[in-house]
Amino acid sequence: MTTGADADLIERGRKLFAGDWQFIWASPSIETLPPMAGVEVAFAGRSNVGKSSLINALTGRGTLARTSRTPGRTQELIFFEGPKDADVRLVDMPGYGFASAPKARIASWTSLIHKFLLGRASLARVYVLIDSRHGIKDIDQAILTTLDRSAVSYQIVLTKADEVKATEMAERTEATRTLLAKHPAAFPDVLVTSSRTGYGVPELRAAMARLIGEHQR
């Protein structure tokens, strides 16, 4: 049952993402990051977990974030800026866990991710995307540990829910909640989404609207 407060947050989230969102910056290195401004929310996850697709679903713009079938294609921190009165940025982080890229490039991308997480005061939260079909892998655990150690708030978003049976999805969600209890920087609520069907997208928008509102007070 949706309460009045829930409905209000969902409407706030809808309005936030109904505004004009646009690409503003691409950073291949920590030295080329844009100046910190407003509230930043980042999306992290394994290669092809659906980060770009979810950003497109959130904003309702199918081509805002470029998607690729090639793992590891996103090699930079990609910044998108929302409506001017919102003072919010989304950050599409390089996918991790790709096996086909050269080791030197993997090391470079990994270093960029870690340095960004450790030194970005404007970063309100990292949404760590997990493929619902596979659950949390060792490489995801390593990122969660990095976030814990750097005291960066993060929340798990399970993606591609349309490709998993309902019973399996419920089990995966509960197993994820249980695992997160061991991680001090993790927000306890697990969000379940499908960029293809739109399932869970209004709830993610609402969660982000609440978070952004708290940081702008």
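Quick reminder: no glycine exception, Cβ is built from N, Cα and C everywhere.
Taken straight from Swiss-Prot:
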type	residues	note
BINDING	45-52, 72-76, 92-95, 159-162, 193-195	GTP binding site
BINDING	Ser52, Thr74	Mg(2+) binding site
DOMAIN	37-214	domain 'EngB-type G'
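Positions of the features from Swiss-Prot, shown on the structure.
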| residue | record | Cβ contacts under 8 Å, 6 or more apart |
| --- | --- | --- |
| Gly45 | GTP binding site | Lys51, Met93, Gly95, Tyr96, Val128, Leu129, Ile130, Asp131, Asp140, Thr159 |
| Glu76 | GTP binding site | Ala26, Ser27, Pro28, Pro94 |
| Lys160 | GTP binding site | Gly50, Asp131, Ser132, Arg133, Ser194, Ser195, Arg196 |
| Thr193 | GTP binding site | Leu54, Ala57, Val157, Leu158, Thr159, Ala161, Tyr199, Gly200, Val201, Glu203, Leu204 |
Original post:
Near Ser52 (Mg(2+) binding site), how many other Cβ atoms are within 10 Å of its Cβ?
Top reply: 22
Subject >> Neighbour tally for Asn48 (GTP binding site), based on other Cβ positions within 10 Å of its Cβ >> reply: 21
Original post:
In this structure, which of the binding-site residues Lys51, Pro94 has the fewest other Cβ atoms within 10 Å of its Cβ?
Top reply: Pro94
Subject >> Coarse DSSP state, helix versus strand versus coil, of Ser52 (Mg(2+) binding site) >> reply: helix
